[in-house]
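Taken from Swiss-Prot, the feature domain 'EngB-type G' applies to 23-198, supported by sequence analysis. What Swiss-Prot records for 31-38, 58-62, 76-79, 143-146, 177-179 is GTP binding site. If you look up Swiss-Prot, you'll see 38, 60 marked as Mg(2+) binding site, on the strength of sequence analysis.
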């Protein structure tokens with residue numbers, strides 16, 4: 001069965017003190033508010049409304065946890081960079097996301113969504129800089145790749161990969177992804193599955209996972 005298929009919503013938290021005790025390896029999904037994060041999660045899960053909970057009023061500020069069949073957790077972080085959000089709320093989001101990324105021991109990797117037409121914004125770089133010191137892997141999905149023709153899409157992939165490799169080496173990997181065309185699904189599943197193998201060996205995954 002595909003890794004993310006049949007994911008089930010488990011819990012939402014609004015502040016670091018609300019984080020549940022570690023109970024399985026966690027894979028964080030992050031991205032700008034318009035980067036197609038919810039669509040990517042829904043496509044990977046094969047569920048058109050799995051990430052809908054994070055779109056409902058009052059939920060957009062939350063970290064949402066979804067349990068996978070393998071026992072690991074998909075962790076949907078609040079979208080960042082939405083201009084209409086009051087500054088106070090943006091600071092709260094920033095504190096919540098930064099604390100989670102920097103301190104969560106059960107977090108084994110970050111999947112970061114960037115719009116392939118506008119990748120590597122200042123906020124994208126900040127997100128990577130928050131997480132990179134952990135030494136844990138980062139996988140970048142260049143979303144909405146169907147909006148670009150093959151030549152520009154591949155050029156963007158090569159440019160982003162070159163920039164990130166120059167700075168972070170093999171800690172960061174990059175791929176094209178399209179929720180509309182469902183392209184890139186197997187690649188991201190393979191990458192994340194590779195993260196889960198050492199995590200299970202170290203006891204991060206629940207017994208029987």
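Note that Cβ sites are derived from N, Cα and C of the backbone, with glycine treated the same way.
Quantities reported herein were computed from a predicted structural model and do not represent experimental measurements.
Shown on the structure are the features that Swiss-Prot records.
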residue	record	CB count, 10 Å
31	GTP binding site	27
34	GTP binding site	14
37	GTP binding site	27
38	Mg(2+) binding site	22
62	GTP binding site	21
78	GTP binding site	24
144	GTP binding site	25
177	GTP binding site	28
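If you average pLDDT over the domain 'EngB-type G' (23-198) in this model, you get 89. Secondary structure at residue 31 (GTP binding site), taken from DSSP and collapsed to helix, strand or coil, is strand.
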